[in-house]
Each structure stands twice: as structure tokens, then as C-alpha cells.
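**Student:** Pasting a structure here, questions to come.
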């Protein structure tokens, strides 16, 4: 058994986990702690405190940390922290010979292989091809995209900035949304991330509200107004995207329901765009924090219709397996599996 250290490092919260991996690549969780990232000047003292508290007889041989941000030449700077991480320094100061830093969405790609059947909800079984590419897409704070290609006996994960590709409206309402966003932000183009993300849910809500396409309820109106008044502030006291999503799931707010319908349609269409580019018959996995929270809406929506509505390419997309990842610790699992490869 090899002892591994896995970390999921965010600007607000960091989760550390000690894992043992068997010869059959089975993961066994040993110890886990969650920390407020801002309470520490650097990752090193946090890990040192964690290892002391874990009180284990042996020391991790390998470590991998998933970072909420870009990783360049084995270094990373987190947006909301003063931390600057470098694998060479971390290895020296933590006495862990093998350390890797990976983007948090790349960690999701690795984590797919550590999921169980109950960690997934299959929207479309398709016709799985074991040697084919795998695609991942995930709406959360932004819109992550990536893909995996099989190389030998293992898959290699490739990150992508596909979320910053252009939003492509497909009907009159979406064209109106595009023009609304162009005018509102005085910009020349709209990325798909501005629509398919947590911020996108709010933008769609504002569009429907300002165009008076549905009546606004006092409860959600108050949340959105508070958020709008706090624009530009580092700390916000409300999460309008979550409030809109919850109201839509509960069926308590018609404007929120319409906003989520438009959001899910655009999400399905963009997932289909990614699928067209990669033909991921190994599966397309929907990650991110939003999908699991709005499952009833997705299951009873036109997500798959919009996913597959690609003209004469529709029969190809009908054969691609589509899964929603329910396990929100998939990134931490991926970091552990990535560490095992070092």
C-alpha cells in the first residue's frame, strides 16, 4: 500500500485527504480535514498541521493538489490568496519526494475513474466505446471543459478554455439574450460562460425580468437586488444563482423557472457542441456544482433534445453516453489518482 496526499485547494476552502492505494488501484481514505484557506499564509503550514493532527506512523510518498486556477510550469498562483505554489519548493519543505499541481477541472477528469455507479446519473446510455475519447463539461462559477484521450493503458487529461468560446444563439429568445448582454456590458462578443454558469443563471434572470417576460416574486427580487447593489464588492452576502435555482426546483417562482429552462437549453446545446468536436463515445460527463442541485429540472427538460439537435449529425450524438457526476468530491478523488501516477 502506498500513502498519498490529495488536496483540493480553493480561494476560500481547502480539503486535504490522506489516501492509501492498493496494488489494484483501489483507494482507501485514511484521514480528511477541511480548512479556511485564508487562515494560512501558505499551503506548507496547513499541510504540516494536517499531518500532525492525522497522527499517522508513515509519511506520504506522493502528493497532488488540485488548484482553482491555471498551473504553469509546475507553479500556481491562486486568485483570491497570496499563495504562490511551486512543486520543487513544496517537495523540499514537506519532505514529499513526488508532488504535482493540476488544474481543478483536470482533477475532475482523473476523478472519473474513481467513481462508482451511484456517483453518476445517466441521462443517455448511448453505445460506449472503451477506446474512445471522454469529454467533461461543468457549469459552476464558470464553465469548465476538457477531454481525455487514451494513451497506452491510461487516459491523459487535457484541459481546455472552451467555456470562453462564443455563445451561439439558436432562436429568437436567445438572440435577444445575446443583444441584451452585449448592450448591458458594452462588449463586442459574449462567451458561452456568460450564459452557462452560475453568473449566467443570474444574467438570464435579469434579461427575462428587464424584458418583462415573466413576473418577479418579492423574495427572489430582494436577493437579486441585494446582489446587484453589492456589485464590485469582494464579499457578497447573497448567492442569487443558488436562490434562483432553488426556487425553480421548488416551482415557487415563475421567472426563476423560465430562467432555468433557458439555462438548461443552452447547457445542453453547448454540451452537444463539445460532443460534436470530440465524438466522446467513451462518455460525456457533466461536472460542476450546478447540475446536481437542479437534477429534477434537467431530467424533465429538453437538455438531451438540445444536446442532440445538430442537424444530420443527430444520430451520432444519440450514441454518446451522457452522465451527470453526483459526487462533488470527484476532484479530490482525481487528485489522489493523479498522485498515484507520479
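Using N, Cα and C of the backbone, Cβ positions are placed for all residues, glycine too.
Here's the feature list from Swiss-Prot:
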- 7, 8, 9, 10, 11, 12: ATP binding site (BINDING)
**Student:** Using the centroid of the Cβ atoms of 7, 8, 9, 10, 11, 12 as reference, list every other same-chain residue with Cβ within 8 Å of it (recorded ATP site), in sequence order.
**Tutor:** 13, 14, 15, 37, 66, 67, 68, 78, 104
**Student:** List the same-chain residues at least 6 positions away in sequence whose Cβ sits under 8 Å from the Cβ of residue 12 (ATP binding site), in sequence order, or say none.
**Tutor:** 36, 37, 38, 80
**Student:** Where does residue 11 (ATP binding site) sit by DSSP, helix, strand or coil?
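**Tutor:** DSSP assigns residue 11 (ATP binding site) to coil.
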**Student:** Considering the binding-site residues 10, 11, which residue's Cβ sits among the greatest number of other Cβ atoms within 10 Å?
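**Tutor:** Result for the most crowded candidate: 10.
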**Student:** Have a look around residue 8 (ATP binding site) and count the other CB atoms within 10 A of its CB, chains all included.
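**Tutor:** A 10 Å sphere around the Cβ of residue 8 (ATP binding site) contains 23 other Cβ atoms.
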**Student:** Near residue 9 (ATP binding site), which residues of its own chain have a C-beta under 8 A away, given they sit six or more steps off in sequence?
**Tutor:** 37, 43, 65, 66, 67, 68, 78, 104
**Student:** Tell me which residues of the chain lie with their Cβ under 8 angstroms from that of residue 7 (ATP binding site), as long as they are six or more apart in sequence?
**Tutor:** 14, 15, 16, 17, 43, 47, 63, 64, 65, 66, 332, 335
